[in-house]
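Visitor: Next up is a structure, given as structure tokens.
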Amino acid sequence: NVSAVSEFILVGLSDAPQVRFLLFVLFLIIYLATLAGNITILVAISTNTRLHNPMYFFLCNLSLLDILCPTITVPKMLEALLFENKVISFTGCMVQLFFLIDVVGTEIFLLAVMAYDRYVAICYPLQYMNIVNMKLCAHLAIGTWIAGFFNSLLHTSFIFILFFCDSNKVDQYYCDIPPLLALSCSPTYVSELVILTVAGVLGSGAFLVTLISYVYILLTILCTNSAESRHKAFSTCGSHLTVVCLFYGATICTYARTSSSYSPNQDRIVSMLYGIFTPLLNPMIYSLRNKEVKSTLRRMI
């Protein structure tokens, strides 16, 4: 008497008509601003040959990821808010889950690579171009995308083999691992163990690389004699580190835990931090405060 689930219902953010419309307008503006900011960065860097160096190469990859991440989840959320169409097929759910984990995982590794790039640039400025050449940059960037792909393939496979029956209401505005684990009729112990282990090892490893790189950067800055240079470097590194900690903290809090501790309301807030607001902030934090990028934008305008 048990029937398999062929589609899911995304609970979304609100059922009240007035609140739904306000949320639709708010998240549409945020989504369009995110696209505009990151596309502008991509165009600015690609059109200015002076910006064709390792740092901006990684920023292009980050902007591309920040376009993809909200695009995977926000359009479906906007559709649910405006038209109340909350249904998503089982296949559509798995595809959405795969691409989301792929992009989030790739960004985690890319942030670690970017932190290492800044570490070499600030701590070893005379050897920077020899150490971080464009060939190494290409290998590192490709490596982050490949690692994100296989990380996502592993996680999605363990969710795909689970059996879903009875309830098909996903307590989230998109398909994600914690709410799907909570819905499964199958034993989830093995899936949770693999997810916790992989997310813990890879996420913590990337975060440690990022953190150690910034510690060395800050120590190098403290040794400089110029107060103006120290203030500028502290401001830049502080902003970068804030966004990095926000992203890592939100993703680790979401995936590195058991399904028994799953809280739908908490997860919605946390997922918005890394899925919606961080892609909006990254162009302003990493690029739009940069003098070379701003001068390029002025020339473009």
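Glycine residues also receive a Cβ, built from the backbone N, Cα and C atoms like all the rest.
Feature annotation from TrEMBL assigns domain 'G-protein coupled receptors family 1 profile' to 37-286. Marked as transmembrane segment by TrEMBL: 21-44, 56-74, 94-116, 136-164, 193-221, 233-257, 269-288.
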Visitor: I'd like to know if the transmembrane segment (56-74) touches the transmembrane segment (136-164) in this structure, counting it as a touch only when three or more C-beta pairs sit under 8 Å and are separated by 6 or more positions.
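Guide: Counting Cβ pairs under 8 Å, at least 3, so yes.
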Visitor: Could you check if the transmembrane segment (21-44) is in contact with the transmembrane segment (269-288), meaning 3+ Cβ pairs under 8 Å among residue pairs at least 6 apart in sequence?
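Guide: Judged by the Cβ rule, the two regions touch, with the required three close pairs present.
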Visitor: Would you mind listing the long-range same-chain contacts of the transmembrane segment (94-116), meaning Cβ under 8 Å and 6+ residues beyond its ends?
Guide: 55, 58-59, 61-62, 65-66, 68-69, 72-73, 76, 88, 140-141, 143-145, 147-149, 151-153, 155-156, 159-160, 174-177, 180, 202-203, 206-207, 209-210, 213-214, 240, 244, 247-248, 251, 274-275
